[in-house]
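Straight from Swiss-Prot, the features:
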type    : residues                                               : note
BINDING : Gly30, Pro31, Asn32, Gly33, Cys34, Gly35, Lys36, Ser37 : ATP binding site
DOMAIN  : 2-236                                                  : domain 'ABC transporter'
Amino acid sequence: MIRVNSLQVDSRLLPLSLQANAGEVWHVIGPNGCGKSTLLAALAGMIPFSGSVQVDGLDVSQASLSELARHRAYLAQNNKPSFQLHVFQYLALSVPANVALECSEVASEIDQISRLLNIDDKLHRSIHQLSGGEWQRVRLAGSCLQVSPVLNPSARLLIWDEPAAPLDIAQESLLYRLIERMAGQGLTVIMANHDLNRTLRHADQVLLLSRGVLYRAGSAKEVLTQEVLQSVFGTSIRRVELEGHPHLLFD
């Protein structure tokens, strides 16, 4: 369980609280500059904050980076490293330090996750030969290996900042299959997202931020209303039903 009490990051993010359960998928949404990345970095223990964040009882503000790495994976928006590395080497570095790379579980997890993300034919490529979407899928695979319950029983949380940003439509579908897999294994997934229709379909809980303030929190149905979204995003939005499913239309 993830418990957050009065989390604040100076004037960038005003106090907010939440409680997230195992297997839940949380989307953090809001206009650019509203505090999404700040919130995720604080939850991951990467920047100073006031208040408290606990991941399965671990006090994030007091934990070392190695302790945090055992309990959560954090994927920020990032460029490729400048040094030379092959995909399989990058994935090997993502495996928990106390797990032998030779064990069958590691090979199985790498195989399953790389196949799911359609990167199994790229394991022997240099990361500098990858497109933006390919590199992002490799990074997603690495973060999942870090907190795979099969390899790391202490893992509880996946934190992703705009994981779909570099992906095309087909690759984005693979991402949401991966999210379903990881949540199904009992991990809590907290991610920033810009595609509100994806949030409407896939999020168990939604945090809507506006100018550093938690404007609304609740289920997708409760938060993604026409009135609320128009107020925060300042644009005309309609919610329609198509083949029995809700969709948001933007002018």
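Cβ coordinates are placed from backbone N, Cα and C, and glycine is handled just like the others.
Values in this document were obtained by computation on a predicted structure and should not be read as measured data.
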| request: Specify the count of other C-beta atoms within 10 Å of the C-beta of Gly33 (ATP binding site). | output: 13
| What are the other residues, in sequence order, whose C-beta lies within 8 angstroms of the center of the C-beta atoms of Gly30, Pro31, Asn32, Gly33, Cys34, Gly35, Lys36, Ser37 at the ATP site? | Leu209
| said: Give me the long-range Cβ neighbours of Gly35 (ATP binding site): same chain, 6+ apart, Cβ under 8 Å, in sequence order. | reply: Val9, Arg12, Leu13, Leu209, Arg211, Gly212, Val213
| message | Among Asn32, Lys36, Ser37, the binding-site residues in question, whose Cβ has the most other Cβ atoms within 10 Å in this structure? | response | Lys36
| query | Relative to the Cβ position of Pro31 (ATP binding site), how many further Cβ atoms are located within 10 Å? | reply | 16
